[in-house]
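Heads up, the thing below is written out as structure tokens.
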Amino acid sequence: HPPHPVYPPVPGTGEIPPQFIHQHPPPPSPHLYQDQESRSHSRANFVQRDERTLKMQEHLKKRLKDRQATGHTNNKANSPPSSPHKANSSSSGTNVQNGYGKGQPGTVGQIKQKHIGKTRGSPIPSADSGMGESDTESRKSEELLNFSKPTVSEIQARSAVISWNAPAAAQNEEVQSLTPEAFTFEVAISNSGKNGKFKSLYSGVDVTFTLSELRPATDYHVRVSALGHSTKESVSELVSFTTESCEPDPPAAPKVVNKTKNSLTLQWKSSNDNGSKITNYLLEWDEGKTGAFKECYYGHLKQHKVTKLSPSTKYAFRLAAKNDIGMSGFGETLVCFTIGVVPPPPLPPQLSKAGVNGLSLKWGPPSGMSSDDSLTYILEMEEDGSDYGFQAGYNGDELSCTLSDLRRNTSYKFRLFAHNTEGKSGPSEVVEYSTCPDKPGPPSKPTVKGKIHSHNVKVTWDPPKDTGGSDVSSYILEISEASAGNKWETAYKGSTREHVCAHLKPGISYRLKVSCIGRGGQSQPSDILTVQTSAVPPGPCHPPCLSGKAKPKEITLQWDPPSVDGGSEISEYLLEVANSDQEEHRQAYRGQSLECTVNGLLPGRTYCFWIRAANKAGLGPYSEKAEISTAPGPPDPCSIPLLMCKTATCIVATWESPPC
């Protein structure tokens, strides 16, 4: 509908015509954006907001009337003449709604108004604060929107299409059309009356929306609200419609109220008729052949007895309802059995898997029966050596079960019963199955037995406190050098609990641990024993060698440590010298140095030298012989010559050669 024009009243004496008043646009109010933000976060508060809208409008009308009356009686002589727009707003602001001269208080389409505050740039300043607020409220009324009533089309039983036009703004005596993109629309629906609870279904910029998942033959009330960036929120009038009627809902599955060996009596309840009374029901069955369904009954009654059935047979039934519009779909299928006979004893259960604390068993239906028959099974068990007899271990319709919390390495006896509506079968044959043993616990920490030698050590250990329910079959002793990190070697594997670890290195720290093996597997290793073999004297050194040049009476020798220190640090070296192999050795040096100078030698002579190392365990063997010669030197002085007188004029002199 086109908006109704709003004409201002004729200006009074002293008032300025509106064309001479400079209009300043009101500043954007933060309350508008806060309102928009609150709507985007809480769409479910529609009903409460409409109630607040009504209360706000009534309060606003009352304030405008009171202030208008006060302004005319008390301040008219002292106040400047008001603008035509203010006069118009004051006189008709209480009835302006959505751009019309009259509003309809109490309807859902009421506009929610909020206090914006004073408007900056008013044409004529007012000395009365009350008149300033009245001016602000007048501008609020000018910003109200004209939102036409939405239309509903394509009404079906479970859907309908609602469409609407964008609101039009009534401002400055003109109705301005606004584009839909300037608004965010929200569609809310209620099926509990015009004053009932509304549920938000859509929020967006489109101007049409399909209402789906509606109930047939149901009254609905729909409203649309629009919220713009610079306009007040506007709510349309309610539009009401009723969905079409349709075929009934599928009824629930029928129930068996009585059964015999040859008959079944079924009963059912009516479903939702969806606006058209249910006239007949269609009952179908599979005739006990698990095949296609055929008609069993068609009529208006809610009970039917099926006769001439076979005993202990499964039958399937399904139900549909019909009204003047059509036939519903079929509801859930009922599967039931006629009364039969007690099932025969089943075969004994079989073992699927044995664990440490549990057993998994399986079985099949009794002979002549299938897994589709309505049977339950009762599994009874008896622990070996128990005085309680057979106890129930499982009761259900499955063909397998797992029994837990059993004792490890223990035998159990089992028997099975089959049960139907007629009773329980006889027991199956008794079978016996055992749980598995667990892996044993770790043995004790190894201990040294006897003396620790340089190349071997004897260790022993005790069996584990927990054998896992079975005997320990063997032990595994592992050894590792302390400096080898996590590298372990198997030193022994057998049933005895002691072992001599041979071929060890002297003076080396070794780590030993032991584990055991039972029927349940290998245990964790024991705590680690650390042992150090005793040291031995060091190995032979390499022969000493000449250091520098030989001198006539002294020689400087040097040597290297032995390649084997015997498991202990070298404490000193001993250097011995002799003129030959046959002569007795004499000590030339003793100390920790790897070099020494031997004095007191004769020039040009060859000497034999030997070196040996020592540690805390003793002296090591001699090195190989080293033959080293001194340098030649001047001869020694000769001895005093011996003189003999031969004649009066002749003397014979004799002397000996110098020793060197």
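Keep in mind that glycine also has a Cβ here, set from the backbone N, Cα and C atoms.
Just so you know, TrEMBL annotations are computer predictions that nobody has curated.
Annotated compositional bias 'Pro residues' per TrEMBL: 1-11, in sequence order.
The compositional bias 'Basic and acidic residues' annotation in TrEMBL covers 48-59.
Among the features that TrEMBL reports, compositional bias 'Low complexity' is placed at 74-92.
Within the domain 'Fibronectin type-III' (146-246), the DSSP-based counts of helix, strand and coil residues read 3 helix, 50 strand, 48 coil. Look at TrEMBL and you will find 146-246 (among others) tagged as domain 'Fibronectin type-III'.
Annotation source TrEMBL lists domain 'Fibronectin type-III' at 250-344 (among others). Taken as a whole, the domain 'Fibronectin type-III' (250-344) shows an average pLDDT of 91 in this prediction.
The domain 'Fibronectin type-III' annotation in TrEMBL covers 345-438 (among others).
Per TrEMBL, domain 'Fibronectin type-III' is recorded for 442-536 (among others).
Here TrEMBL flags 537-633 (among others) as domain 'Fibronectin type-III'.
As annotated by TrEMBL, region 'Disordered' applies to 1-145 (among others).
Summarising the annotation, TrEMBL assigns region 'Disordered' to 427-452 (among others). Note on the region 'Disordered' (427-452): residues 345-351, 354-359, 361, 363, 380, 384, 406-417, 458-470, 472, 475, 477, 497-498, 512-529, 531-534 of its chain, located 6 or more positions outside it, place their CB under 8 angstroms from a CB of the stretch.
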